[in-house]
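Student: Dumping what Swiss-Prot says about this protein:
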| type | residues | note |
| --- | --- | --- |
| MOD_RES | S477 | phosphoserine |
| MOD_RES | S497 | phosphoserine |
| SITE | E79 | site 'Involved in channel desensitization' |
| SITE | D349 | site 'Important for inhibition by the snake venom mambalgin-2' |
| SITE | D355 | site 'Involved in proton-dependent gating' |
| TOPO_DOM | 67-425 | topological domain 'Extracellular' |
Amino acid sequence: MELKTEEEEVGGVQPVSIQAFASSSTLHGLAHIFSYERLSLKRALWALCFLGSLAVLLCVCTERVQYYFCYHHVTKLDEVAASQLTFPAVTLCNLNEFRFSQVSKNDLYHAGELLALLNNRYEIPDTQMADEKQLEILQDKANFRSFKPKPFNMREFYDRAGHDIRDMLLSCHFRGEACSAEDFKVVFTRYGKCYTFNSGQDGRPRLKTMKGGTGNGLEIMLDIQQDEYLPVWGETDETSFEAGIKVQIHSQDEPPFIDQLGFGVAPGFQTFVSCQEQRLIYLPSPWGTCNAVTMDSDFFDSYSITACRIDCETRYLVENCNCRMVHMPGDAPYCTPEQYKECADPALDFLVEKDQEYCVCEMPCNLTRYGKELSMVKIPSKASAKYLAKKFNKSEQYIGENILVLDIFFEVLNYETIEQKKAYEIAGLLGDIGGQMGLFIGASILTVLELFDYAYEVIKHRLCRRGKCQKEAKRSSADKGVALSLDDVKRHNPCESLRGHPAGMTYAANILPHHPARGTFEDFTC
């Protein structure tokens, strides 16, 4: 018998030759390069073609990997029909912040300069520009002789002197059913005291609509009360040159930001606002720039751009003026009229118009907005002017200058989804690489595993030949001893070669009386 060599025992089975591996490999062209033939032009051409294909493959794969790490995205647009839609919140503000009749002597004393009704000497600045009736009332209120001022609070002033929805609202219908001022919730914005219809707050359910078109939404008739507008004798942030209302249509999940996002509605017109709900889905970094985390704010629970802006503006004013405006959340003290004039209004104007770095709000990953199309017609017509004047006990001129109708509805009962999607995902990358591997070198993932497996066997064998595995093998042999199988022993044929062994190696007859006289080793194996 030929015993195994020490090298075979230590190093294991020697791996097959490169020619044998190439002939059985699934990698195309490898068998022609590593063949048993002598070096020839054919083998050289095969090697050249293989290396060229491999180079092209590496270039294409590199380009695909670079494209993947550019994180491109595409935008998918779809329209989805719905059986019903949640009607949006509608916030409206009169462009005049304070009613002239509600400004008291104490209000005029504290806020007269802020409203440009008085100068810094508590005097009416330009009596020639004033209406005679208003001037008479104002002169009486501006007489501060023996007047003892009382404490003044801007929040209370805005709430008391702002326009009342119960006086403004002449008619209200939602889906053909009557609604009232009780369906409007008071909300403060930079325009002062405003009102939100269908706010979804205070335990009230969000209203839904079942059809599109006029008559299936909100229709209101308002009196803007121009007779109550403050006289304008100067330019301040609290005075308005316009007449009408400002309207914002928004989701119930975000606060109104009407001074930046609202649209105007003029008296003397019926304005039709056709809406379409749009649901926007943006991708977070690195494919997009949306904010996927919840808002870290003490004032708002859910993140939105308007909530972020209001939160940022509030913090900015508190840091710079040590107070907050009436429409801002929090527990900081309200600004006084002097702080409004000297600090709050200039600081907020600077922040909104010029500072592009302080209040930078990222787009939320999920957003609902409402696309709008506006159209309008003149009211009242000549045929209806007298009727409306009689109905509301006003003159025809008053009706034309103060009455407006606002009609908000869904154009159709569907919503539009605008969704960002990854243009190239990891599955696409692997598919492209796999396809190019199959095209250029005829390889697959299993082919790559074949190459790694063969390389592992070759490296392992060579390391063991250099003695790096022998120490472990010798240590193992010293611990365990040499283990021979029964077949290995029999192949030495001890029964024939050791029959004439000296008697000193035989068993004693009294131990094995019926056994032939053989040596211990022969007896065991035979």
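The backbone N, Cα and C atoms fix where each Cβ goes, and this holds for glycine too.
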Student: Let me know how many other Cβ atoms fall within 10 Å of the Cβ of E79 (site 'Involved in channel desensitization').
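Tutor: Excluding its own Cβ, the number within 10 Å is 10.
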Student: C-alpha of E79 (site 'Involved in channel desensitization') to C-alpha of D349 (site 'Important for inhibition by the snake venom mambalgin-2'): distance in Å?
Tutor: 39
Student: What's the number of neighbouring CB atoms sitting within 10 A of the CB on D349 (site 'Important for inhibition by the snake venom mambalgin-2')?
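Tutor: That number is 11.
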Student: State the mean pLDDT for the topological domain 'Extracellular' (67-425).
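Tutor: Averaged over the topological domain 'Extracellular' (67-425), the predicted model reaches a pLDDT of 92.
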